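Under the heading active site, proton donor, Swiss-Prot lists 126. According to Swiss-Prot, the feature phosphoenolpyruvate binding site maps to 22, 23. The annotation UDP-N-acetyl-alpha-D-glucosamine binding site is assigned in Swiss-Prot to 102, 131, 132, 133, 134, 135, 316, 338. The 2-(S-cysteinyl)pyruvic acid O-phosphothioketal feature in Swiss-Prot is assigned to 126; the stated evidence is sequence analysis.
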């Protein structure tokens, strides 16, 4: 199993190109199931999760062709996928595939919308009553789908097609909003989604669906209106840049020191995180090519942050910020309001010598003068990259194990950091 070795102490200087957003690319690929024509997606990141979703879509009979780089593309230019769901041969998504990635459950929406039936395995590890899929099922039922759960599978049927409805989510849900928008695009009549998620990735998917002939307004606000259409057609769409990758590398620069241009980044996608970084002592400069992040000489200042849905501070940057705050001059406080059990990285950060205490959903980080390299283990995607950030400023060698988590969400992370001067390498085997 691959590992990443890091010897800390080097500043970061150079340019890091920002990849396409995983959290937009996955639902965009799934949306291709809504039409029998070809959807062309540009700037799709090369990630393990994208490759897995290609397998899942292939199971339904979807043909996917990955085009090579075009003249003038930079080294990390995202791939172009030509996705054709001309014929759907199977409306069942089996457990062995869905269990590996929760987002793959979303195929239920376009399948029941277009084929009027779907059988999709519950994602792995879902306890009855606290399942994240409950809100997704509620949305489909509001649109007229008949839902049964049998043998670990959700079976959705809509013999006469889906019908527009008002869907009021009891809490903001990104996955629920994606599912509701995709399903409603082909429903008969008007659908109104209240308390919709406002994330940029929701807007990106809605923009693509509108290019395909959907009639969606209000994406990016808490109320989305969808006028259903009978058929969607093919289109070409460029995946927006990854705001979580942008924030991650910005925090890496703030941790290690130096100055890095984040090429292609869009500051409006993560303003709350950039404001926190400025408060922590980083210098953020917006320019025509993206964002320049610098920390030259100044120490790291402590911050108090609460995660929140967009446009608040994203939960997907919480672990990275915690790593940065381990070196702050004073006590920082981070409260997690979006997900339970999202402090699994605390135990591993402690192996560097970090001082972190937990009280419910709030972590208090007492900054230390130095971190020391250590063997550490990645527990999930965002936690894994927080360990890399800590290692960049730690004395000595750090070995990060179980980096398959990293490969799910960060495209060639070690190459991008190495190009800016980090002493980092992937060790195979």
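Keep in mind that glycine also has a Cβ here, set from the backbone N, Cα and C atoms.
Not measured: the values here are computed from a predicted model.
Here the features listed in Swiss-Prot are painted onto the structure.
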| residue | record | Cβ within 10 Å |
| --- | --- | --- |
| 22 | phosphoenolpyruvate binding site | 25 |
| 23 | phosphoenolpyruvate binding site | 25 |
| 102 | UDP-N-acetyl-alpha-D-glucosamine binding site | 16 |
| 133 | UDP-N-acetyl-alpha-D-glucosamine binding site | 20 |
| 134 | UDP-N-acetyl-alpha-D-glucosamine binding site | 15 |
| 135 | UDP-N-acetyl-alpha-D-glucosamine binding site | 19 |
| 316 | UDP-N-acetyl-alpha-D-glucosamine binding site | 23 |
| 338 | UDP-N-acetyl-alpha-D-glucosamine binding site | 19 |
Tell me the coarse DSSP state (helix, strand, coil) of residue 338 (UDP-N-acetyl-alpha-D-glucosamine binding site).
coil
Can you give me the Cα-Cα distance between residue 133 (UDP-N-acetyl-alpha-D-glucosamine binding site) and residue 22 (phosphoenolpyruvate binding site) in Å, rounded to a whole number?
20
Nearest to residue 23 (phosphoenolpyruvate binding site) in three-dimensional space, by Cα, is which of the binding-site residues 102, 134, 338?
102
Cα separation, residue 22 (phosphoenolpyruvate binding site) to residue 102 (UDP-N-acetyl-alpha-D-glucosamine binding site) (Å, whole number):
13
Quick check: of the binding-site residues listed here (135, 316, 338), which one has the Cα closest to that of residue 22 (phosphoenolpyruvate binding site)?
316
